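**Student:** Pasting a structure here, questions to come.
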Amino acid sequence: MTRSETDLIFSNKQSKVKDFTFDAQVVEVFPDMISRSVPGYNTIIETIAQLSQQYVSNNSNIYDLGCSLGAATLAMRKAITAQNCQIIGVDNSTAMVERCKMHINAFKGETPAEIVEGNIVDYPIHNASMVVLNFTLQFIEPNLREQVINNIANGLLPGGALVLSEKLSTDDQTCQNLLTDLHHNFKRANGYSDLEIAQKRTALEKVMLTDTVDTQITRLKNAGFTHVTPWFQCFNFYSLVAIK
Ligand SMILES: C[S@@+](CC[C@H](N)C(=O)[O-])C[C@H]1O[C@@H](n2cnc3c(N)ncnc32)[C@H](O)[C@@H]1O
Ligand SMILES: O=C(O)C(=O)C[C@]1(C(=O)O)C=C[C@@H](O)C=C1
């Protein structure tokens, strides 16, 4: 991933904090924002690459849903050894898709990668050996999440894998507060001020509605995934692998 500007989007006091969107301003700072906001982000990207070596089969498709600037796509493209595959990255932000195409074109790779502007709620998934939802499902309207997961399960080949990374919520308020405090300390340690943390939280309040881990696992099992396991958690961020 190329270097990006420092994220200063929430550094000045705003009279009214607008709902968070993945617009051109966010695109400019996105790599800096996500690596300073999501604990373990680089580990997760590296592990997605490792999983792609294991799960991607010859003559199949790989989908990176909500691909943003293509971090997972680029990591998988470097790692995949299977033949005659293609990666399809999908995002519904025009600004992200434009910049992502530049990133993808800047790096060469054996496996072709196509970046498409589209909505993952109704995007066709076919002949897939691996699908990545890396911090994307949490931005989908809750009542549409089942449809997204079912669509992925139907498009995956038997033995294919979905990697699902999300921020979690928990019904235990004491644990919720503990994990939130640890995450905010992580952001402070990465240079975000209390004002930035508070304003970002307000901006995300209505657009990023997090599920419990139990809700996710039940949804995956109901969709027909046979094996589901968390493989990573740091504070309130985690990642699961689900195998069909
Ligand atoms: C937190 S970012 C994902 C980060 C990225 N997967 C990575 O690993 O760097 C969430 C992305 O999902 C995209 N997104 C949100 N809703 C979407 C939808 N309905 N269809 C397609 N993309 C969507 C946003 O535009 C944004 O780029
Ligand atoms: O909870 C936060 O503060 C976050 O910033 C989380 C999160 C995410 O999980 O995707 C939200 C939006 C940005 O894209 C980067 C990170």
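For all residues, glycine too, the Cβ spot is worked out from N, Cα and C.
Please treat TrEMBL annotations as automatic predictions, because they have not gone through curation.
Keep in mind the model is a prediction, meaning the values are calculated, not measured.
What TrEMBL records for this protein is below:
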type    : residues                                 : note
BINDING : Y41, G66, C67, S68, D91, N92, N134, R201 : S-adenosyl-L-methionine binding site
DOMAIN  : 62-160                                   : domain 'Methyltransferase'
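Burial and contacts for the listed features, if you can.
**Tutor:** Long-range Cβ neighbours of D91 (S-adenosyl-L-methionine binding site) (same chain, at least 6 residues apart, Cβ-Cβ under 8 Å): F22, G66, C67, S68, V97, C100, I115, V116, E117, G118.
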**Student:** Which of the three DSSP states, helix, strand or coil, fits D91 (S-adenosyl-L-methionine binding site)?
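**Tutor:** Its secondary structure by DSSP: strand.
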**Student:** Give me the mean pLDDT over the domain 'Methyltransferase' (62-160), rounded to a whole number.
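**Tutor:** Mean pLDDT, the domain 'Methyltransferase' (62-160): 97.
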**Student:** Ligand 1: which of the binding-site residues Y41, G66, S68, D91, N134, R201 have a Cβ closer than 6 angstroms to it?
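**Tutor:** Among Y41, G66, S68, D91, N134, R201, near ligand 1: G66, S68, D91, N134.
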**Student:** Would you work out the biggest C-alpha to C-alpha distance among Y41, G66, C67, S68, D91, N92, N134, R201, the residues that bind S-adenosyl-L-methionine according to the record, and give it in angstrom as a whole number?
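**Tutor:** The widest Cα-Cα gap among those binding residues is 23 Å.
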**Student:** Minimum Cβ neighbour count within 10 Å among the binding-site residues S68, N92, N134: which residue?
**Tutor:** N92
